[in-house]
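Asker: I'd like to ask you about the structure that follows.
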């Protein structure tokens, strides 16, 4: 059994220049592995809690307290445990914290240890992480949901929708899907320049032009897809992350595109978009606590498009189970730092798949060079991954890892393609 011998931690910087936690785990057999923890910009109220230092250092965003939690409390609790006993290790972490939202030790401290333990166990077993976590049948390469126009909390513009994504569903392989996405991305830059629009980048590597609204952004992307020699819809479909919680006020409604709208009016807006554009997925179209609106929206258009719960579910099995019972959404966004351990993440994915919900593995806007989520996407067979534009090394690192995995799988590799979106029919677009 690969026994945990050492646990270390340090404060490093993420892609936004903010501190985050990196954990190193050493085993008795000499294996050493590390994991770095991401951080979000638009965070759900129900997420597990990051531990930040406050004060003036790093403008209050330091993580020395989380590092101390790893060194002083977590390390003594897990040293001597088997790294291949992931569920036991993660339960020990949850029990040690003792709070429902991991606020005592910090989800950033706990997750760093959880992931580093899994990576060390895989390395000790001489298995790639995707194979160690996913077993012998892990072979599905996900569709890269590339965020090529950034708005909302990811950019300083007037665009309310947070992410405009492309999904290269018609590609024959992940390698080709990545090429198509990169070509559309560069094509979009040329389109923006020709129209005199800004080509500065948002947090996730997408362009951040100031546009009049959602349709203008979708039209620009459609033009870029065609300019790249690809077909809008059958080759490259479109997707949104609205992040509606960011512009929702209880009792007032949704302050969206210079109007105050009800959930019903937002639903009508999305229905109109579906008639005009080949959208395969809409994430967080309504606020995280607007359960009635979610249920009505799912009943209205859930048979036509993937409706993804991010802030709604926060990768939490309890909230997901509630949503399944209510009939809210039909897909789960998977962010490991929302729940705080690998075991709980895998439990949420299993619950979603068993209920017929799709899953999309996801990065955060504050990322590092850590590529764990690329392996997890293949391990759980999510068929979709959201990890930014094909630009900025913290985003590209995940795509490059998926290229390596596809190459390692060889003839056994299968690219999810349009099978990842069974509700989408290009003939109707």
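The backbone N, Cα and C atoms fix where each Cβ goes, and this holds for glycine too.
As annotated in Swiss-Prot:
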type     : residues                : note
ACT_SITE : 204                     : active site, proton donor
ACT_SITE : 335                     : active site, proton acceptor
BINDING  : 162, 335, 364, 365, 386 : (2R)-2-phosphoglycerate binding site
BINDING  : 241, 283, 310           : Mg(2+) binding site
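In terms of burial and nearby residues, how do these features look in this structure?
Answerer: In the shown protein chains, 31 other C-beta atoms lie within 10 A of the C-beta of residue 204 (active site, proton donor).
Under DSSP, residue 335 (active site, proton acceptor) is assigned to coil, being neither helix nor strand in the three-state scheme.
For residue 386 ((2R)-2-phosphoglycerate binding site), other Cβ atoms within 10 Å of its Cβ number 31. Under DSSP, residue 386 ((2R)-2-phosphoglycerate binding site) is assigned to a strand (E or B) in the three-state scheme.
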Asker: Do you know offhand how many angstrom separate residue 162 ((2R)-2-phosphoglycerate binding site) and residue 310 (Mg(2+) binding site) by C-alpha?
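Answerer: Per the Cα atoms, residue 162 ((2R)-2-phosphoglycerate binding site) and residue 310 (Mg(2+) binding site) stand 13 Å apart.
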Asker: Return only the integer: C-alpha distance in Å from residue 241 (Mg(2+) binding site) to residue 365 ((2R)-2-phosphoglycerate binding site).
Answerer: 13
Asker: Far apart in sequence but close in space: which same-chain residues, 6 or more away, have a Cβ under 8 Å from residue 283 (Mg(2+) binding site)?
Answerer: 163, 239, 240, 241, 242, 243, 308, 309, 310, 333, 360
Asker: By the count of other Cβ atoms within 10 Å, pick out the sparsest of the binding-site residues 162, 365.
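Answerer: Looking at the binding-site residues 162, 365, the Cβ with the fewest others within 10 Å is that of 365.
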Asker: Taking the center of the Cβ atoms of 241, 283, 310 at the recorded Mg(2+) site, which other residues in this chain have a Cβ no more than 8 Å from that point?
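Answerer: My list of surrounding residues reads 162, 163, 240, 242, 243, 282, 284, 308, 311, 333, 362, 386.
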